[in-house]
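Since the structure comes first, as structure tokens, the remarks are kept for the end.
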């Protein structure tokens, strides 16, 4: 229920300025050799403080696995992990204890639960995604080795990476701070983020994700369609506002004659407006989707608002905040996708006798 | 797992040319008076044959409730329902038994399951959504009476309803065959669909849905965020290619200063780019989202393809098919949204002591 | 949640004197040839009216499968089934509409739901088990062909079948009306039930179930231990009061030295007090368990009770009731066990790489 | 799936000689003041080393709550906890790395997973129940304050506490090492365990649990019957071999006339053979059940067995083991019952409008 995944499941906990984050993964198959360094590497890609265009909160974000592996391999039993918070500065948030920041979850949490851990947004902080990166990087071990999942920043504000994904070299995604593999566009994006940051402002953008070499057959006919499971996962990311796959919203303008993907003799398709999925099930072609992210709501500049009693106040973010969520969201999208795929991959193993 | 909903759950069955569709709803609260006519009315809105721009398959789509109600009220026990197929024409599909239609699920089902009910697409048919309309129309009874869920066709191909939803009169949605409440735009859309139909072609479009008067507090912090549950449900609809809520993909171009919704003294907000949701939880403002639909893949004109053995063939749809999924998808979107909201509404009832 | 099974799931509906019973099974693998006659045969074993010692309600209990199979084989998509009630006699129950029968669920349903379908006990009727027999008989197709599940009546009141199960010929279970394979004991049991019936009384008893040839490895380490899943399923049967497996309550009197099962060289064990399960996982030896059933609460003789307003009344069962639940519970136990095993069998398919 | 609970859920991890145990509880309502000392007290009751008749492994078993509470109260978000192992002695288990101990899970784990953390039984160790005690003691906070859950040792081997539970003073349960509230019987039980221990042997027994003041209406009609959920939980405890409630196996010998519980005018019942449950739903009377535990399989004396290659060996437990599981299982039964009740209690909150 409050899990990610259906057969392979992830349960998580943690608040931004609490003691720790962590999670439990169940139904992970036995006998898989785990590359713990690769998992930590994925967390490092998401870590604060890694460049000038992200928050300077100091966290090592070191994940410790507490169970479920033995002598480097999975044992088939639940895998628990924990990531301790190190740089809690609860005092930084005293000023928002009774205040409602615009476009934050302060008001809705208070209304829903009648109580709120206000420190750094508590449970509503995007720091929760640290759990998803750890779990997704682990889940990726379940997929066939040749499955490649590559996400990159495809737009920042009005600056778009206009090359189709086929023309990009995904090995260059991490070559720059913004994680756009097209160097020229990346430079413009970085300049834009720096400019926005200087104003104490923030900016939105999109991430594109491409999945190559996924076997045919992944996804289930109803309620667990591959695109629905990917969409659900992505729409749970904190600032996500939209999801599209294949032709997406553009496809809604087309006719069937334009949109249908004709087959080749080997059952690959000549075009791929379908985005690698038919009837909710992978067809062996590339899967690609795009996620829209709004600008982060915390501004380092004054905004008018109200406290919980309805008194007018001025709120102003202090200290350590991201001007743009995109660069750090790239590993979140990738690893979250890995988790979704691993879950559906396992289910597909027992679909026919 | 293969259910819709988390606490309130829907399990379904049925194939396009099988004996029947149906479903079971669990955890529906006791003591609710059911308006069975309203449920049938929603099914009638989705029914084939209701106008010149939809498929002419003849089905009464009569739902029978088999359990879980007594003397007109819910009893708190599982509610089973069934909708018998009446107009099966299995023979119409003999020609596709061994053929793979472009952009259909024939190939992926065969690969995944090793067996396929080919008649009318079998399980992959959008006729499955009949179950969702029945269940959603029932689930709507759980929500407070003043909650309004209104979906309408906001674009067909390149023809957009350019008025913001606030300027539309939702009581007029069913006044025309295409279900766009703006009469002038509707006329253009209908003309376009007729033109496309004449060519044996199909066309895509978008549906916008607006939810008014939803109480504050609906949705859960992680993995069951309101937008993620809505997105998941919508992305399960057969031709859906994208989902966005609030500012959506446009919001990705904006800055925080532009995008943040400032509060009024009563905690409504001056703007609503957030789309009525903060931190995954409803904030009392209107919720609005948009779903992109691709053009239907079945064309009444020849297309090149292959049979399952890789021999080149010509496929051509015959008989009864929709040139545009939009008009009949409107009640699907509305009632599916109702189910999602009812599920999260119930969960929220026990979030605080 | 309100399902049986974890991966393979059964959702059910129906009330004793409603329109129909039925269910939906999800995640049933594709490509399995279904023996529909065998499923109906299991339902016939549970049917009312089959002998002088069971209720004379007239029901054909014919199951219709509505989806999920094609040309005799499973398609991997949800399997819906329905069993219409034919012999509803709602009027027979008018006298209990406002009355609470001793040791029935009339009072608890009214308190819990505030509404109650009183006809024949409504949802609380053991007629619900018809769904479990249909689903279990279907699920049995998933297990290896040589798995044998045999239940029999091992006691009625104080009359016990004293032979160990190893000395019984399970092919004789259906040879007599009470379903005890020991002819001599069966005779005594039948005589006892007839005597009890004449008094308008009822009597309890136990059913023993033996599972042979289950592969090693079925069951999960925590929360899905094989004995826990079997126990849960059995304790859901309407009159069940107890469950034990292997040495059971007797084992609680023993010492470790007496109780431990020493291995043979081939990892079979010399004794089998463990009942074929170690650590929640099958070890290849016979699994055996015993279920205790209380006497049915409906007596065909007057009992003092109260109506819902607290007025003293006399209640007396009328018409068609079982004097002893045991003979008809045998196929319920067997097929319910089959469902549990099939569910865990599927899960075990993906426990190691 | 691998969770305890249905709405309120517990996911757990940990191995006997791994780094830590822990768990995550979801859907715990907000605003409940948590008595952390009481939770630790329950863990202390289960702790090794607390008396002469239990294992002398040294563990403080200190639980740390890592999230989900704020200023002493629950926040409605997931509650994570961890209990670090302190006294791992992996070397103690080198001798069983390749050996299969009689009536242990060594063989079944190896077969199921192809890999096994052999140290102290790894995942198959009853040390997992530490998680259940922590989670159950927390869940108890959800129940009305006057609900009392009292478990006690009702037999050790052939020594039975012959007084009915109504004649026992539950405040005396912890007054002696064996946790039987009848001092005289307790003395005999303790003497028996000491005698058995001296022989390097072990002994089984039973625990009885009584629940007082549970509101009417707890439990669901099908698949979540109160007795089935309790039975499932209890049968997951490591050495449990049987479960019965109310009249239990004795009830199977009775007639309906003897067994039916006649009502009083206030809808209490004159007798309570039903054990406080009708139709799977609590009726306001005491709920009582009994769990059978086999003798622990680890003997401190030589036993013949085989290694994984089929070579004959002698196994002999060393060091720190319980001669009898009962005294430490008492808080496990109590707190596990609390979790089950809290889960069903929450679900019942939304059963009627």
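Glycine is treated like the rest: Cβ placed from N, Cα and C.
TrEMBL does not curate its annotations; it predicts them automatically.
Per TrEMBL, the features are:
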type	residues	note
BINDING	A:46	NADP(+) binding site
BINDING	A:238, A:239, A:279, A:294, A:295, A:296, A:297, A:298, A:320	FMN binding site
Counting Cβ atoms within 10 Å across all protein chains shown, which of the binding-site residues A:46, A:320 comes out on top? A:46
Work out how many Å separate residue A:46 (NADP(+) binding site) and residue A:238 (FMN binding site) at their Cα atoms, rounded off. 14
CB neighbours of residue A:297 (FMN binding site) within 10 A? 23
Are there binding-site residues in A:46, A:238, A:279, A:295, A:297, A:320 whose CB lies under 8 Å from a CB of chain D, and which ones? none
When DSSP states are folded down to helix, strand and coil, where does the residue listed as 'NADP(+) binding site' land? helix
Under a criterion of Cβ-Cβ distance under 8 Å and sequence separation of at least 6, what residues of the same chain contact residue A:238 (FMN binding site)? A:124, A:125, A:126, A:128, A:129, A:325
For chain B, which of the binding-site residues A:46, A:279, A:295, A:297, A:320 fall under 8 Å by Cβ? A:279, A:295, A:297
State, in Å as a whole number, the widest CA to CA span among the FMN-binding residues A:238, A:239, A:279, A:294, A:295, A:296, A:297, A:298, A:320 given in the record. 45
Here the binding-site residues are A:279, A:295; the one whose Cβ sees the most other Cβ atoms within 10 Å is A:295
